[in-house]
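One structure is given below, encoded as C-alpha coordinates.
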Amino acid sequence: MNVTKAEIAVSAVKPEQYPDGALPEFALAGRSNVGKSSFINKMINRKNLARTSSKPGKTQTLNFYLINESFYFVDVPGYGFARVSKKEREAWGKMMETYFTTREQLRAVVLIVDLRHPPTKDDVMMYEFLKHYQIPTIIIATKADKVPKGKWQKHLKVVRETLNIIEDDKLILFSAETGQGKEEAWAALERFL
(Lines of atoms letter the chains of each structure in order from A; the text may use other names.)
(Lines give C-alpha, C1' and ligand atoms only; values in the text may rest on other atoms or scores of the structure.)
Protein backbone atom coordinates (compact mmCIF):
# COMPACT_ATOMS: atom_id res chain seq x y z
CA MET A 1 0.00 0.00 0.00
CA ASN A 2 1.21 3.47 -0.83
CA VAL A 3 0.66 5.71 2.19
CA THR A 4 0.33 9.33 1.11
CA LYS A 5 -1.27 10.76 4.23
CA ALA A 6 -0.95 9.82 7.89
CA GLU A 7 -1.83 11.84 10.96
CA ILE A 8 -2.73 11.33 14.59
CA ALA A 9 -6.46 11.99 14.74
CA VAL A 10 -7.49 11.36 18.34
CA SER A 11 -6.11 10.20 21.68
CA ALA A 12 -8.93 8.62 23.66
CA VAL A 13 -9.59 6.92 26.98
CA LYS A 14 -13.35 6.41 26.67
CA PRO A 15 -15.77 5.50 23.86
CA GLU A 16 -17.27 8.98 23.50
CA GLN A 17 -13.79 10.22 22.51
CA TYR A 18 -13.35 7.65 19.71
CA PRO A 19 -13.52 9.05 16.16
CA ASP A 20 -16.98 9.27 14.58
CA GLY A 21 -17.79 7.54 11.33
CA ALA A 22 -17.46 4.04 9.97
CA LEU A 23 -13.82 3.90 8.81
CA PRO A 24 -12.20 0.51 9.48
CA GLU A 25 -9.77 0.22 12.37
CA PHE A 26 -6.79 -2.04 13.10
CA ALA A 27 -5.72 -2.14 16.74
CA LEU A 28 -2.08 -2.78 17.60
CA ALA A 29 -1.66 -4.82 20.76
CA GLY A 30 1.43 -6.12 22.47
CA ARG A 31 3.42 -5.88 25.63
CA SER A 32 5.01 -2.62 26.68
CA ASN A 33 8.02 -1.66 24.58
CA VAL A 34 7.60 -4.49 22.04
CA GLY A 35 7.68 -2.07 19.10
CA LYS A 36 4.07 -1.09 18.28
CA SER A 37 5.02 2.51 17.46
CA SER A 38 8.01 1.36 15.39
CA PHE A 39 5.65 -0.98 13.47
CA ILE A 40 3.31 1.93 12.65
CA ASN A 41 6.18 4.19 11.60
CA LYS A 42 7.70 1.52 9.32
CA MET A 43 4.35 0.64 7.73
CA ILE A 44 3.66 4.27 6.82
CA ASN A 45 7.26 5.25 5.95
CA ARG A 46 7.55 7.85 8.69
CA LYS A 47 10.33 8.26 11.20
CA ASN A 48 8.26 9.42 14.13
CA LEU A 49 4.54 9.89 13.56
CA ALA A 50 3.98 7.37 16.35
CA ARG A 51 6.26 8.40 19.19
CA THR A 52 8.63 5.63 20.20
CA SER A 53 10.09 5.45 23.66
CA SER A 54 12.65 3.42 25.51
CA LYS A 55 10.46 3.85 28.60
CA PRO A 56 7.88 1.06 28.93
CA GLY A 57 4.30 2.11 29.58
CA LYS A 58 4.58 5.35 27.59
CA THR A 59 1.31 4.98 25.66
CA GLN A 60 -1.54 5.46 28.15
CA THR A 61 -4.35 6.27 25.71
CA LEU A 62 -5.85 4.76 22.58
CA ASN A 63 -4.10 6.71 19.80
CA PHE A 64 -6.01 6.74 16.51
CA TYR A 65 -3.80 7.33 13.45
CA LEU A 66 -5.75 8.18 10.30
CA ILE A 67 -4.09 6.60 7.26
CA ASN A 68 -4.84 7.82 3.70
CA GLU A 69 -8.13 9.15 5.09
CA SER A 70 -9.46 5.60 4.66
CA PHE A 71 -8.70 3.65 7.87
CA TYR A 72 -7.14 3.94 11.32
CA PHE A 73 -4.24 2.27 13.08
CA VAL A 74 -5.11 2.30 16.78
CA ASP A 75 -2.10 2.12 19.08
CA VAL A 76 -3.28 0.70 22.41
CA PRO A 77 -1.33 0.87 25.69
CA GLY A 78 1.14 -1.97 26.11
CA TYR A 79 0.44 -4.66 28.68
CA GLY A 80 2.69 -6.43 31.15
CA PHE A 81 4.47 -3.34 32.42
CA ALA A 82 5.21 -3.93 36.10
CA ARG A 83 5.68 -0.36 37.31
CA VAL A 84 2.07 0.72 37.08
CA SER A 85 -0.31 0.44 40.02
CA LYS A 86 -2.96 -2.26 40.31
CA LYS A 87 -5.59 0.48 39.93
CA GLU A 88 -3.99 1.69 36.67
CA ARG A 89 -3.80 -1.89 35.38
CA GLU A 90 -7.50 -2.42 36.12
CA ALA A 91 -8.42 0.85 34.38
CA TRP A 92 -6.28 -0.23 31.41
CA GLY A 93 -8.01 -3.63 31.29
CA LYS A 94 -11.46 -2.03 31.35
CA MET A 95 -10.53 0.46 28.61
CA MET A 96 -9.12 -2.33 26.42
CA GLU A 97 -12.03 -4.68 26.97
CA THR A 98 -14.54 -1.94 26.16
CA TYR A 99 -12.74 -1.08 22.94
CA PHE A 100 -12.11 -4.65 21.75
CA THR A 101 -15.60 -5.95 22.53
CA THR A 102 -17.82 -3.04 21.50
CA ARG A 103 -16.10 -1.23 18.63
CA GLU A 104 -17.89 -2.15 15.41
CA GLN A 105 -15.24 -0.47 13.24
CA LEU A 106 -12.54 -2.84 14.54
CA ARG A 107 -11.63 -5.16 11.65
CA ALA A 108 -8.65 -7.01 13.12
CA VAL A 109 -6.03 -6.82 15.84
CA VAL A 110 -2.34 -6.81 15.03
CA LEU A 111 -0.71 -8.63 17.94
CA ILE A 112 2.98 -7.78 18.09
CA VAL A 113 5.37 -10.19 19.79
CA ASP A 114 9.17 -10.21 20.09
CA LEU A 115 10.64 -12.93 17.85
CA ARG A 116 13.72 -13.21 20.09
CA HIS A 117 11.79 -14.62 23.06
CA PRO A 118 8.90 -17.05 23.53
CA PRO A 119 5.58 -15.17 23.89
CA THR A 120 4.91 -14.14 27.50
CA LYS A 121 1.96 -15.24 29.66
CA ASP A 122 0.44 -11.83 28.89
CA ASP A 123 0.83 -12.45 25.13
CA VAL A 124 -0.93 -15.81 25.50
CA MET A 125 -3.74 -14.27 27.57
CA MET A 126 -4.18 -11.48 25.02
CA TYR A 127 -4.37 -13.93 22.13
CA GLU A 128 -6.84 -16.15 24.02
CA PHE A 129 -8.96 -13.06 24.81
CA LEU A 130 -9.05 -12.12 21.10
CA LYS A 131 -9.99 -15.67 20.12
CA HIS A 132 -12.69 -15.82 22.82
CA TYR A 133 -14.31 -12.76 21.20
CA GLN A 134 -13.61 -14.13 17.69
CA ILE A 135 -11.59 -11.07 16.68
CA PRO A 136 -9.44 -11.71 13.58
CA THR A 137 -5.77 -11.43 14.53
CA ILE A 138 -2.55 -10.89 12.59
CA ILE A 139 0.50 -11.86 14.63
CA ILE A 140 3.63 -9.86 13.89
CA ALA A 141 6.86 -11.42 15.17
CA THR A 142 9.06 -8.35 15.23
CA LYS A 143 12.78 -7.66 15.73
CA ALA A 144 13.67 -10.28 13.11
CA ASP A 145 16.86 -8.32 12.42
CA LYS A 146 18.06 -9.27 15.93
CA VAL A 147 17.76 -13.03 15.24
CA PRO A 148 20.14 -14.86 12.86
CA LYS A 149 18.30 -15.74 9.63
CA GLY A 150 19.05 -19.44 10.11
CA LYS A 151 17.04 -19.42 13.37
CA TRP A 152 13.94 -17.60 12.10
CA GLN A 153 11.88 -20.75 11.47
CA LYS A 154 12.77 -22.21 14.87
CA HIS A 155 11.70 -18.97 16.60
CA LEU A 156 8.48 -18.73 14.53
CA LYS A 157 7.63 -22.31 15.53
CA VAL A 158 7.98 -21.35 19.22
CA VAL A 159 5.66 -18.35 18.68
CA ARG A 160 3.12 -20.46 16.77
CA GLU A 161 3.09 -23.23 19.39
CA THR A 162 3.17 -21.00 22.49
CA LEU A 163 0.24 -18.90 21.28
CA ASN A 164 -1.47 -21.94 19.74
CA ILE A 165 -2.25 -19.87 16.63
CA ILE A 166 -5.37 -20.90 14.75
CA GLU A 167 -5.22 -21.54 11.01
CA ASP A 168 -7.12 -18.39 9.99
CA ASP A 169 -4.66 -16.07 11.75
CA LYS A 170 -1.51 -15.05 9.93
CA LEU A 171 1.95 -15.08 11.54
CA ILE A 172 4.38 -12.66 9.88
CA LEU A 173 8.11 -12.22 10.44
CA PHE A 174 8.83 -8.48 10.68
CA SER A 175 11.62 -5.97 11.21
CA ALA A 176 11.07 -2.24 11.67
CA GLU A 177 14.80 -1.82 10.99
CA THR A 178 15.00 -3.56 7.60
CA GLY A 179 11.37 -3.52 6.43
CA GLN A 180 11.28 -7.34 6.38
CA GLY A 181 7.62 -8.47 6.30
CA LYS A 182 6.18 -5.05 5.50
CA GLU A 183 4.58 -6.07 2.19
CA GLU A 184 3.22 -9.26 3.72
CA ALA A 185 1.76 -7.27 6.63
CA TRP A 186 0.03 -4.85 4.23
CA ALA A 187 -1.37 -7.78 2.24
CA ALA A 188 -2.77 -9.30 5.46
CA LEU A 189 -4.34 -5.98 6.50
CA GLU A 190 -5.80 -5.26 3.06
CA ARG A 191 -7.87 -8.45 3.25
CA PHE A 192 -9.98 -6.64 5.88
CA LEU A 193 -10.45 -3.38 3.99
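Glycine is no exception: its Cβ is also placed from the backbone N, Cα and C atoms.
Source: prediction; values computed, not measured.
Annotation source Swiss-Prot lists domain 'EngB-type G' at 22-193, citing sequence analysis. The feature GTP binding site is assigned by Swiss-Prot to 30-37, 57-61, 75-78, 142-145, 174-176, with sequence analysis given as support. Marked as Mg(2+) binding site by Swiss-Prot on the basis of sequence analysis: SER37, THR59.
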Self-check item: Among ASN33, SER37, THR61 [binding-site residues], residue with fewest other Cβ within 10 Å
Solution: THR61
Self-check item: GLY30 (GTP binding site) versus SER37 (Mg(2+) binding site) - Cα distance in angstrom
Solution: 11
Quiz item: Can you name the residues of this chain that are 6 or more positions from GLY30 (GTP binding site) yet have a C-beta less than 8 Å from its C-beta?
Solution: LYS36, GLY78, TYR79, LEU111, ILE112, VAL113, ASP123, MET126
Quiz item: Mean pLDDT over the domain 'EngB-type G' (22-193): what is the value?
Solution: 90
Quiz item: If H, G and I count as helix, E and B as strand, and all else as coil, what does DSSP give for LYS36 (GTP binding site)?
Solution: helix
Quiz item: Which chain-mates of LYS143 (GTP binding site) that are at least 6 residues away have a CB under 8 A from its CB, listed by sequence?
Solution: GLY35, ASP114, LEU115, ARG116, SER175, ALA176
